[in-house]
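Input: one structure, supplied below.
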Amino acid sequence: MATDIDMLIDLGLDLSDSDLDEDPPEPAESRRDDLESDSSGECSSSDEDMEDPHGEDGPEPILDAARPAVRPSRPEDPGVPSTQTPRPTERQGPNDPQPAPHSVWSRLGARRPSCSPEQHGGKVARLQPPPTKAQPARGGRRGRRRGRGRGGPGAADGLSDPRRRAPRTNRNPGGPRPGAGWTDGPGAPHGEAWRGSEQPDPPGGQRTRGVRQAPPPLMTLAIAPPPADPRAPAPERKAPAADTIDATTRLVLRSISERAAVDRISESFGRSAQVMHDPFGGQPFPAANSPWAPVLAGQGGPFDAETRRVSWETLVAHGPSLYRTFAGNPRAASTAKAMRDCVLRQENFIEALASADETLAWCKMCIHHNLPLRPQDPIIGTTAAVLDNLATRLRPFLQCYLKARGLCGLDELCSRRRLADIKDIASFVFVILARLANRVERGVAEIDYATLGVGVGEKMHFYLPGACMAGLIEILDTHRQECSSRVCELTASHIVAPPYVHGKYFYCNSLF
């Protein structure tokens with residue numbers, strides 16, 4: 001067995017700071033063991049290496065210069081002999097009494113057992129990273145040294161770490177290291193947390209040894225779920241609620257038959273006609289001495305566009321008078337706006353085109369006279385009705401036409417409302433009407449001229465009244481001849497000439 005000094009060197013103790021300065025000289029055999037253990041600047045070997053001084057490669061030659069076994073005492077306590085502390089013969093167990101607080105062993109702390117991590121069971125040993133490949137041995141016992149005399153997993157780390165090849169006297173110049181310097185982190189077995197947990201020494205400062213980090217807890221590890229058994233039955237899924245008509249609604253629907261009668265339907269038609277006979281409620285527009293008197297009063301019967309035809313010059317001359325009538329009678333203008341909206345949504349294709357030209361020509365007249373475009377105006381305020389009616393009637397045709405021309409779809413044209421999307425008369429009508437309807441819906445006080453693509457100081461010269469009707473009828477006829485689809489030809493023809501030919505098969509009425 002090794003001597004006390006050999007044991008202290010094995011534990012990394014600086015003998016200059018220990019309490020064994022005044023130990024008596026040891027015999028030559030002890031000095032020889034000391035030379036063998038201190039033959040290199042590295043840490044000494046483990047207890048197993050010390051018990052077997054001759055390794056597999058044969059005995060190591062003894063160096064010529066022998067280090068003295070006893071060093072002089074420190075200058076701060078000259079002449080004070082230190083009591084030699086006997087080395088314990090066995091490692092202390094958990095129930096053994098602790099040494100005296102003034103002894104070297106109390107400062108060093110309990111030694112860790114020289115056991116390999118393979119002896120530790122559980123999941124910690126399995127989670128340890130694979131050991132680093134050791135460097136080839138250089139002969140003698142140096143090739144068999146492991147770490148700091150321990151049989152831990154990093155047996156070769158002591159050879160590759162430059163900090164462990166430093167002289168023992170430079171490791172802790174301020175005195176002996178604390179006893180808990182090489183203890184593992186809390187809850188970690190010996191040797192589990194030492195690999196890769198040391199922090200590098202601060203440059204130019206004293207080396208400190210902190211507490212090692214413990215391995216990660218098992219709760220932080222990604223654990224894959226167990227594979228599902230394909231033979232296991234699938235979990236039951238709740239059936240969605242049935243989408244049915246509730247009983248109360250069914251009773252309401254059937255109760256219509258109890259109230260439906262021919263006399264009741266006739267009375268409903270009579271009351272509606274009486275309301276429409278005087279839609280303004282006795283407060284119509286003042287039409288005395290007005291060139292617009294025939295159209296300001298209510299009229300029965302269908303609308304005939306030819307009887308209301310006016311030239312652009314007439315509109316420029318008498319348009320401001322009608323504009324002032326709308327602006328000076330807000331209640332009558334509100335009633336006229338509601339009635340116009342209902343009429344526009346029931347027009348056929350030719351009448352809808354005439355309404356589009358009416359709206360754009362009215363805007364051109366206002367721009368010509370520098371009049372504000374008012375959303376409360378009955379003509380401008382009902383632009384959305386013109387747009388909806390035209391889109392409903394032309395949608396089946398425009399799906400094929402716009403795609404063949406490489407233009408945006410109808411819905412995209414109306415939602416984007418960009419002047420740059422205007423490429424022909426069809427896109428012009430829908431983009432301009434969509435921009436006007438959007439301003440009215442937003443409730444702006446006035447609509448600027450730029451909404452119609454008119455710059456500052458410009459007039460609406462690019463639009464001629466009647467271009468909507470003439471242009472859209474032209475593209476219907478042109479595309480009908482160019483497109484090879486029979487369905488497209490039938491659709492375009494029925495839009496222009498809509499008399500009934502085929503499609504309605506019966507009329508069923510069990511109530512009256």
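Even glycines carry a Cβ here, placed using N, Cα and C.
Annotation source Swiss-Prot lists Zn(2+) binding site at CYS400, HIS479, CYS483, CYS488. Among the features that Swiss-Prot reports, compositional bias 'Low complexity' is placed at 1-15. For 214-233, the entry in Swiss-Prot reads compositional bias 'Pro residues'. According to Swiss-Prot, the feature phosphoserine maps to SER16, SER18, SER114. Residues or ranges marked as dimethylated arginine in Swiss-Prot: ARG138, ARG150. Per Swiss-Prot, the feature omega-N-methylarginine maps to ARG148. The region 'RGG-box' annotation in Swiss-Prot covers 138-152. What Swiss-Prot lists as region 'Important for homodimerization' is 500-512. Marked as motif 'Nuclear export signal' by Swiss-Prot: 5-17.
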Quick one: give me the count of other CB atoms within 10 A of the CB of CYS400 (Zn(2+) binding site).
16
Enumerate the residues of the same chain, CYS400, HIS479, CYS483, CYS488 excluded, that satisfy the criterion Cβ within 8 A of the mean position of the Cβ atoms of the recorded Zn(2+) site; list them in sequence order.
PHE397, TYR401, ALA404, ARG480, GLU482, SER485, GLU489, THR491, ALA492
What are the DSSP helix/strand/coil residue counts across the region 'Important for homodimerization' (500-512)?
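Its residues fall into 0 helix, 0 strand, 13 coil.
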Would you count the other CB atoms within 10 A of the CB of CYS483 (Zn(2+) binding site), including those on all shown protein chains?
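Excluding its own Cβ, CYS483 (Zn(2+) binding site) sees 17 Cβ atoms within 10 Å.
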Return the count of C-beta atoms lying within 10 angstroms of the C-beta of CYS488 (Zn(2+) binding site), excluding that atom itself.
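Result for CYS488 (Zn(2+) binding site): 19 other Cβ atoms within 10 Å.
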Could you list the residues of the same chain, at least six apart in sequence, whose Cβ is under 8 A from the Cβ of HIS479 (Zn(2+) binding site)?
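In sequence order, PHE397, CYS400, TYR401, ALA404, CYS488, ALA492 meet the Cβ cut-off.
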Grab the pLDDT values for the motif 'Nuclear export signal' (5-17) and give me their mean, rounded.
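Average per-residue pLDDT within the motif 'Nuclear export signal' (5-17): 53.
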In which DSSP state, out of helix, strand and coil, do we find CYS483 (Zn(2+) binding site)?
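SS state of CYS483 (Zn(2+) binding site) = coil.
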